[in-house]
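Chemist: Below you will find the structure I want to go over with you.
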């Protein structure tokens, strides 16, 4: 009925894929594909197979027709044979083993036998619960308390398996087997559909079964739950006894009426089956004809009438399509990964099966398609199959999403909201974008990447204290809807709240999603939980970056008929405004000066709209869309996360570059001025006038340039002097020339200009032998110069362009680099490497969309670090979209061919496909492993904090490094740390020294001290002196501790040598003298080297002392 393209599938995590019984893998061995000619037929059941040694003729025998067909299928349907094998292996992993099936069948037979012996009880009033003992409570909220009708227990008419297990579509890890327990006809009455009589009898019958089964020891603990969160449809959960029984499988008992007991016409979506007078307890003048319809209540009861018919229908369809079960399995994996498979209003496995069946019987897809094709061509379209059933218009007048079952009477998507439907469409659209993209690992993105809301949505907020939604029902006048949902005020108000949010946020968002309330579970001896005990409802916003931060909501002209509607939506916030084009329109102005404030404009809108229209106070909202931004936020009056400071630096650079281009009295003209500093790509973590911003100034080529490396350096120094004189003369800039660079003070910012000659790296590679022969040999000096003057400026300009396309790119980089620095990894994952890692999240976001907020980008950065298979895959960052599918294949093949000689973290870019220059020196394999472990733990802690309001809310905990792992700690005097105010936990009183007074933005005057950092200088001295003995780690942004880790190899006793006696003790054994590091003396040297800077040195472990 409604078109819905959904063709995407999300993966199980590795833990999920392996969480099932280990015995599932103890299957019979697979027989060889080919056997030697002449082999006698044998009984395959007890044969242990061994590799077959083929003759030369067999080994090179032409492929058979079947093998050719398989190769052709792999070529036409998959990118490669690997994808086909991955799909097949996943299906094997989620399929039930024969051993587990036998266990299930045995347990089901036992349960069925017990149910057939249920004792009969005397008939009592529905409201009389005296026949129930305390061991079982009724799984139903009896509101109102009393309704008419009689009830008694009796053995079920039949016990039949329904659902996915008999259909063959049941998959791991959560195996649920459904049994339909048919209530005897003499327990029910044809008028039980009115005023909750049938749902209450159904619940009483389940309670009677629970009371009866509780006396048998061969059943595990019993619990109640609700089918897809619907409180009108409680179910009884049974598990086999045993320690690990709950992880094995669960049997779910459904109480159902006899087939055909109720007329389907009684459940027409426009009919009423809940009387207002009964529900409210108040006398009303309403007659039967004007009672409000109860479509959701009707569909809940109708759903109990049809499970057997649905199973018969699906079995008939699946028998015609061999890949039906596998197609459903893939769809279930996809739904599970997107958290759409369970809860109220979910798109569960039953709907997935019905979807495939519909496509098959309408010939949208073929019975001969593979599971891969069934997944790909899954387009959700339903139509009305029965002219006597409700019409399309009648269904749509009652429900937001419509998918009619084969009977034509039941809307199987009755509880689904329009937002969930749109989420399915969105996921389908995103999937199709990368399905056949050869540059994307389709299997991993489609089936092996979880998409929790906190990592998928740009902003997330939660609705807490759900009991307050009762007042929303009154405010929105939802009595009829509340009756229809049998008092469930949460699902009554949810569609209205979603509609309000959609109206308020408008074009600022691409998608609004919400969490699906989980199916509640409780012990059979407990009362059913109240609605208010449900966990908070989470809402996710997928933002439009170009519109989400607009401070102005411009409405219709004042004389437009829509003006009243606009004023009604915004209330007192709406006001008339005149604009520069002369128009006078309604408008709403939101607060926000800096970018980090503007990112929270959606929060202002949500708070205002919900308070005005739904009477939901701000205290009930928990907005976590920008919580992590506090890590990089500075400023008290106007807080900023660095966008404004970056823009100031970029504007000053643009102005300075124009003035450099305009210099005329230089011997050679300037060919290019390029930025090579992170601030010029908007990714600088902290901004301080103490540090310079590097510019590379390329001069034109000329025969006047010398061919000697030392002469070139002198020429560059002369250019630095001349440039400084001209800038001082024409623009009055303070400057300081040096042999390697020119420092210029402009508008309160220091710029370091470095003149470059394009042939200098080549000159550094050339040398003359003793015989006068010219030899060209690559060396580190040439590579470093090439990196500084060519590659870094190119990377900076490219990432600058990426920032223009994605406004939050810079903020994500700042968060990522701040985390790396705080965890003492900044020397191993350099700034350039971190920027490339973040860039990959924007350039290849599959299966997500590009991050729309710093927080979600940072979470994905941690996920990338912790889950990427660095050992077997290169990370390809396709800057400017220059690489094709063929290039990707070549990069992967070259990577695998030379893996052992390549860096452990391999990052390929269009200009660097074979060497990974950015990670050539770091990290080491040990440090990369530690980065991955810490990133995984940080992601786990951070996501838990963001989504669980009961946790201690301190996101900075992920920035505090675990120092227990280090062997020694060097504590520094805080008044000597230049960036102390940027520390993770800055001190309350900040000591400042050498602060610029007066007009800091003046370009003339005395040039301040630039790039002086005593901590980094001390670190350099430590590494030069003790780099062979230890590793040193420090947070460059205000860190007050240097962590020391001894190198194990350095503590192996070595023979005495006078050239290697520094910082070592001598041990003489007989005629042999050996040396080993003198730890106490080394720690004392740490203090001496850092005199005035070092406060104390703490030895954390004695494991290296001898």
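Backbone N, Cα and C atoms are what each Cβ position is placed from, and that goes for glycine too.
Small disclaimer: the values here were computed from a predicted structure and weren't measured.
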Chemist: Looking at 1-40, 41-80, which one does TrEMBL call region 'Disordered'?
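Modeler: Among 1-40, 41-80, the range TrEMBL annotates as region 'Disordered' is 1-40.
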Chemist: Over the domain 'Nrap protein' (177-319), what is the model's mean pLDDT?
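Modeler: Summing pLDDT over the domain 'Nrap protein' (177-319) and dividing by its length gives 89.
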Chemist: Between 455-614, 629-804, 807-960, 963-1097, who has the most Cβ pairs under 8 Å to the domain 'Nrap protein' (177-319)?
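Modeler: Checked against 455-614, 629-804, 807-960, 963-1097; highest Cβ contact count belongs to 455-614.
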Chemist: From the DSSP assignment alone, can you count helix, strand and coil residues within the domain 'Nrap protein' (177-319)?
Modeler: 65 helix, 27 strand, 51 coil
Chemist: For the domain 'Nrap protein' (455-614), which stretch among 629-804, 807-960, 963-1097 has the most Cβ pairs under 8 A?
Modeler: 807-960
Chemist: Using DSSP, what is the helix/strand/coil residue split across the domain 'Nrap protein' (963-1097)?
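Modeler: Its residues fall into 40 helix, 34 strand, 61 coil.
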